[in-house]
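Q: Below you'll find the structure I mean.
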Amino acid sequence: MAGMAPEGSQFDAKHYDSKMQELLNQGETEEFFTSYDEVHESFDDMGLQENLLRGIYAYGFEKPSAIQQRGIVPFCKGLDVIQQAQSGTGKTATFCSGILQQLDYAVVECQALVLAPTRELAQQIEKVMRALGDYLGVKVHACVGGTSVREDQRILASGVHVVVGTPGRVFDMLRRQSLRPDYIKMFVLDEADEMLSRGFKDQIYDIFQLLPSKIQVGVFSATMPPEALEITRKFMNKPVRILVKRDELTLEGIKQFYVNVEKEEWKLDTLCDLYETLAITQSVIFVNTRRKVDWLTDKMRGRDHTVSATHGDMDQNTRDIIMREFRSGSSRVLITTDLLARGIDVQQVSLVINYDLPTQPENYLHRIGRSGRFGRKGVAINFVTRDDERMLFDIQRFYNVVIEELPANVADLL
């Protein structure tokens, strides 16, 4: 089914590779990037403060993941870093540790600013930062849209060490001078591929203009399109590069399958047939539009299947409640869109269903990286209509993976 490139395939892997090569081969590139290959196989070998180590171990980390083994120390040294690793490999804890190691806790001023593309992801980073910094007494605040501006201003006025937020609200706080940039010495872009997409690029530039000229910059991402690398040149000073080649973006530990559903209308019955299997574990179902989230939720509930749903049109409070229920396990099947893929950090998720295939190969990683987090096993099931065959081919070529047809014994895989 996916053995040959359909004509007119939207994604051209050769073009991607040649653009990346062209960028990395430019005359000044060698001066711009330096590679960083030092590996620290234990958190104890990284020279971290005792109370930060306590927080790391209390959070449940035992051994650093590959990106943490290479990424924490250069950030702690104050170097500008570009780091690429798939979702679920511990990127967030990498930059949180680097920030927490360098803060001056006696100075209750904002010293680190972290930007994220969605409210959910910003709030997730805030939680990780607070947990890892529990024994250090770190003060963190998430500035995101859909919450009270006055409350943000009150908390910022009382003093924080770290602000995490979405670009719109952070820029608003800087513009109102509620967030003072004078002490900011670290600036992190998380999920930079999304952040630097056209929607956020201008806001990030505006924010960067307001920050002190001497600042450490960290760029973290699961995928690193050439455009993102190009933009980092404007922000960064001789960064070290910890970059996974595209063919090394393995989705290790995640078994991937497709179900040939032929037509769009047949997807619902296929999902209902799978529902008993889904409810064994925690599952996330991705569709491509907010309207479809509502439609599928209604259809599933109409057939007496318990599901919860979240998308960007819901108010923040409702989304928070739904995510809390899902994290606690009281709701087990969540229907959502790409927009929120990056804010779902639920350790128990072991099944992701792409009811709709993503419209871009890059988003596939963000979606299915929700399962099999930190080495746990995960399963991804892709519903594929005739119209989707081209995208399935593109995804396999982009990640250098083979996606097999779903076997009958799917329950045994979970």
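Residue numbering: from 1, along the chain as shown.
In case you wondered, yes, glycine gets a Cβ from its N, Cα and C as well.
Model, not experiment: these values are computed from the prediction.
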Q: Among 98-101, 190-193, 226-229, 346-349, find the range that Swiss-Prot records as motif 'DEAD box'.
A: 190-193
Q: Between the candidate ranges 41-69, 157-185, 273-301, where does Swiss-Prot place the motif 'Q motif' annotation?
A: 41-69
Q: Compute the average pLDDT of the predicted model within the domain 'Helicase ATP-binding' (72-242).
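A: That stretch averages a pLDDT of 90.
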Q: Relative to the Cβ position of T92 (ATP binding site), how many further Cβ atoms are located within 10 Å?
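A: Around T92 (ATP binding site), other Cβ atoms within 10 Å: 23.
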Q: Measure the Cβ-based neighbour count of K91 (ATP binding site), defined as the other Cβ atoms within 10 Å of its Cβ.
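A: That number is 22.
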Q: Starting from each candidate's C-beta and looking 10 angstroms out, tell me which of the binding-site residues A85, G90 has the most other C-beta atoms.
A: A85
